[in-house]
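Engineer: The structure's right below; bear with me while I get my questions together.
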């Protein structure tokens, strides 16, 4: 690129690139960025405005760019003008004699305006303006700095939105249909690891490219899956020539790939406004409306797409209309199974990002007491900015989805979030009785839970039980309140009622560990050992490595066998923790449990020294927390594999693993080993 007859290095344009492209890809309207030669007057306040907020020029500094180096105002007032004359690039207010030079300033004039905006908005700077070509460059390329100034070496891609591959995938849910998750307006991650600027982007900065060249570069980035970079290049082409429909349409395609559907709709609308006969843009817009659940607009644009539309496209939209109609009818009848079926069919018909369908799907799951599945479905759905969603879909639909989100928060125990979201929904649609009822319910339930918690902490269990019950009057399926009331009833010795509350809580949320643990404990207190063992075994899977759960399971299993009269035969001459085992299952019951177990293993009773049994009895009394076992291999063939090298042996186990194999005559070593393990 030539400026005033001098060639300017392309790498020196990194600052300009950062200020042009460091704006993310979110927009709520298409906008009309103008070319450099047609930039309207800019002010300091304008420099903080987002690209899509108006038809202002896009040579604006982001509001969050306060950390960028800024040049002070030049002493010569003629060097920098506050704006430009349309179509000429001449600084506003410049004399006619300077008009020819102003036409040739090009990029330098743009930089002068940007520097002046920075100076007026920030008031100070560590950079001074370079005199050659009016180009600001980084310190390692010859930057002219004020004394003591430090200019960091920034990568231009730090200020681009991250691509989908860089942000990472959204976890899939195995339950229900798959929705597209693409948060609109997602800001770049400022803490991201720096990556080298692509060669193509450097070429775009190194010289003034034609908009068609920029579009082709954007197409190449799109093919490589670098959608954010493609958007940046399409934006640059639009900046130069905003009246080319293909630039807007291609940018919409990249935004679609990033999951920014509402912004993509805005850009497609701009493309078909510029060229109403642009069939490909109409088809792209129809596809967007289909995904967002607006069947009527989808059909309209599919028809305008003419040869770009297939008969299957029209059939797909008609299927969506049918499923939406049936879903609405089933919801009026409160036939939640049918609502669930039709919502899933609508998603399969292409409406994978429709808030209306998501709301119906999640509402049906909540009504069917499938709270965890409802939460997973909502988490996997597309997320939109509340204001943008309200503007696009309307206040009624936006408020309804927020109300359902509030109910999900309530069911999961996020009471404060539930109240805040429900209140926001009521503000968006104050005339809706349904939304207002949800807001009142969330406040009542949250208040009852807070009161109950305070009473429970004060050991006022009866009063706390009543408070939780009042909350359940408003939300009978709230698993958190049911579990809390079960805790109160357990403290009051009302084991049966506590188990009933835990059963109800686990029906709503099968993975609710606190409710399962409480039910297992209540069943143990009622000596229902089989039910207790089942719950503890499930908890072992949910909480692997939890020693308390392991000990509780071991005790429940021991009591169950004792209750059934199976397996364990207590040695009448030994202590309560000295038992005789006769099969492998009994042995593993003790050795696999947390803690220490000592097994006395011998082949025949006649070979057992007379002092060994009295010694084991003594040890069992001195170490009550240790399990002592007696294993006569001659009487238990299934235990032969556990035999030692000699006729008598002590085998020491800890937390499921054997740690010592001691000769049966070496009593001192066993004693020292137990002392060491007990520390």
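Numbering starts at 1 and runs along the chain as displayed.
Positions of Cβ are set from backbone N, Cα and C atoms, glycine also.
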Engineer: Tell me which range among 70-100, 101-131, 132-162, 163-193 TrEMBL lists as region 'Disordered'.
Structural biologist: 163-193
Engineer: Of the residue ranges 24-56, 222-254, which one carries the region 'Disordered' annotation in TrEMBL?
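Structural biologist: Range annotated as region 'Disordered' by TrEMBL: 24-56.
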Engineer: Helix, strand, coil: count each for the residues of the repeat 'TPR' (211-244), based on DSSP.
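Structural biologist: Taking the repeat 'TPR' (211-244) as a whole: 27 helix, 0 strand, 7 coil.
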Engineer: Per DSSP, what is the residue tally for the repeat 'TPR' (399-432) in helix, strand and coil?
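Structural biologist: Across the repeat 'TPR' (399-432), the residues distribute as 27 helix, 0 strand, 7 coil.
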